[in-house]
Amino acid sequence: MTPTSRTPPERAAELRQLLNQAAHSYYVLDTPTMEDAVYDRLYRELLDLEVKDSSLLTPDSPTQRIGGAPAQGFASVPHRIPLLSLDNAFNVDELTGWYVRLVKLLGYQTNPKTPQPDLSMVGELKIDGNALALSYEHGVLIRAATRGDGANGEEITANVRTIASIPLRLQLVHPPAWLEVRGEAFIPNSTFADINTARGERGDVAFANPRNACAGTLRQLDPKVVASRQLDFFAYTLHLPDNWQAKADDPASPMNQWAVLQWLQAIGFKVNPNTALLTDLTAVEHFFKLWDEARHQLPYATDGVVVKLNDLQLQETAGFTQKAPRWAIALKYAAEEAPSKLLRLTCQVGRTGAVTPVAEFEAIPLAGTSVSRATLHNANRVSELDLHSGDTIVVRKAGEIIPEVIGVLRELRPAGAQTLKLPHICPECRSDLVREEGEAATRCVNNSCPAILRGTLRHWVSKGALDVDGLGSKLIEQLVNRGLVQSIADLYALEASLLASMDRMGNKSTENLITALQASKSKPWHKQLYGLGIHHVGEVNAKALAKKFPSAATLANAACKAPEQITSVFGVGNEIAQSLQQWFATPANQELLAKLKQLGISLEANEDELAHDTDQKQRTVSLQGQTFVLTGTLPTLSRSEAQALIEAAGGKVNSSVSKNTSYVVAGAEAGSKLNKAEKLRVTVLNEEELLKLLAS
């Protein structure tokens, strides 16, 4: 049968198959099978058929890779299966600690250096891009989303369709009802260079690194812009329905991670070829060393290797913490360091008035980004470094994320260089800065300081507090600089016409922001309390206080008249009680609370919250006789907060580990205490596990 004798639906189906096969050969296999001129002619034929009869248009058509009209925004969508981040290890000791904990959890007794077939691992490169969740139904791509917060992400399907290495239809004869693939979108180094060259020619600011360029590209509202930047994609994770088995015509269902990578490749995905099956930690160390030395020869950016337990059933047994799988870890490359010439010391002011010194230096490329500023934390750190004008400093990107000054090359110090001192005047409002005795932080105590106001507003609208989408830092800066907002309450009095006149604020953005502000009025009381930004009151303490005191009025009364009621709250000490007393006794804050109430923000728990709290109070917690040791930095709790929680539940916190220690609570950069705990086989908890123990 010739092409002209086929019906339009038959010919369209044939063209889709031919073009998709050709695209897969070109973009994924790197083995072109069709001349460009032939591809273009067939593509045009398919496009003509679809234009004449829109019923022939299908989601897997290659014509759908280049989207149509720009989107108005991105909807938040739930992930079928949480898309979690990985825990990080920055050295071999941390890697070994992870492995020992995993082996112990699975009930194996083995030396980390001894090959154990049941516990083989897969080593993969950690691509420095952006994670995507791809959802397929009956083999057809129906949705693509960003990681987001792990539970929900932004739907960017139209943009992802433009990535040629992502199949719109899977190469399966009998696909399952649903299938989820996770992987990394990225921009190759050569493409990134071309993008920045073009931006420079247009007078646009260059992207700092390929990862930032990729993230910005994926959130473009116009898919045609995304298509022009030629993103690529490596698949690495697969989720299938329980008990689903492939039919004889399709690749056999994978039983381990090594087979998952092969299966993904067989059904049409591009899989990173630089993987290895690893039998023990010695093999992992060799794999890591290999790519640490060779990574700069790759055509894309990588910031470490990922190690995964190979057996999928053992992965399921190991399970997850709240934030990451227990069966995988990212081993990051050592932080990169480079020297640069110090230009000046400046300061930035936070929402509490704390002034953070910042070193500004000649821009240097570091870990894939251009860096010209680094935090110095506080005045004590500035004194320790003994910085002088013209110094050559050494800058490191810790974890390849946060730039920090780690030292000074004093042998290169210019003759007669003057010691640099921190300013004594607030750079924002020109008020005198204050440093209280015993504190490392210098503060601006002017409540009208624009920097404090900006920080206060950013905190109020943050995700942990009122979560007001659409009110970002740039808009807040405009509102403060124009004198339109002088307190949190002023946000709720903003008129639509005024907002629409702001830079980059159209009618739709304004409408969405007004809606988000109205919705924030009904957020839970504990989020409102946290959002007020009272010094020392974090998310954990705000929840505890909100349970005890169901309104701002009852909390204020206790803080000012009965502070012992405050310190009776689980995990709340004198420092927080004093901070609450000072805050509620301040007339400006009393005026703020009154305004918020007038604007419809209840500042009290609703019936659902009260019912939940009543149920929670029925439970009792007792750690009587249990001893704890804290080590490392926990994700959300300070060490004093964790200690207060443990002691309030009857437990005791010691400073050293012994055979009588019940638990060691370990955070990031845990040191010798964690090693000793593992030698003595003391149970090690992370923050999430500690909180579960306290709540059980």
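In case you wondered, yes, glycine gets a Cβ from its N, Cα and C as well.
Per Swiss-Prot, active site, N6-AMP-lysine intermediate is recorded for LYS126, and the stated evidence type is sequence analysis. If you look up Swiss-Prot, you'll see ASP36, ALA37, VAL38, TYR39, ASP40, SER85, LEU86, GLU124, ARG147, GLU184, LYS308, LYS332 marked as NAD(+) binding site, on the strength of sequence analysis. Feature annotation from Swiss-Prot assigns Zn(2+) binding site to CYS426, CYS429, CYS444, CYS449; the stated evidence is sequence analysis. Taken from Swiss-Prot, the feature domain 'BRCT' covers 618-696.
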Taking the Cβ of LEU86 (NAD(+) binding site) as reference, which residues of that chain separated by at least 6 in sequence fall under 8 Å from it?
VAL306, ALA324, PRO325, ALA328, ILE329, ALA330
Cα-Cα distance linking LYS308 (NAD(+) binding site) and the residue listed as 'active site, N6-AMP-lysine intermediate', given in Å to the nearest integer:
12
Hey, how far is ARG147 (NAD(+) binding site) from CYS449 (Zn(2+) binding site), Cα to Cα, in Å?
36
Rounded to a whole number of Å, the separation of the Cα atoms of CYS449 (Zn(2+) binding site) and LYS308 (NAD(+) binding site) comes to 49
Rounded mean pLDDT within the domain 'BRCT' (618-696) lands at 80
In whole Å, how far is LYS308 (NAD(+) binding site) from CYS444 (Zn(2+) binding site) when you measure between their Cα atoms?
48
Winner by Cβ contact number (other Cβ atoms within 10 Å) across the binding-site residues CYS426, CYS429, CYS449
CYS426
In the structure shown, with every protein chain counted, which of the recorded positions LYS126, ARG147 has the densest set of Cβ atoms within 10 angstroms of its Cβ?
LYS126
Please report the three-state DSSP label of CYS444 (Zn(2+) binding site).
strand
If you run the three-state DSSP split on CYS429 (Zn(2+) binding site), which class comes out?
coil
Additional residues surrounding Zn(2+), by Cβ distance to the CYS426, CYS429, CYS444, CYS449 centre under 8 Å
VAL349, GLY353, PRO427, GLU428, ARG430, SER431, LEU433, ASN446, PRO450, ALA451, ILE452
In angstrom units, rounded to an integer, how far apart are the Cα atoms of CYS426 (Zn(2+) binding site) and LYS308 (NAD(+) binding site)?
49
Please state whether DSSP places CYS449 (Zn(2+) binding site) in a helix, a strand or coil.
coil
LYS308 (NAD(+) binding site) and CYS429 (Zn(2+) binding site), distance between Cα atoms, whole Å
52
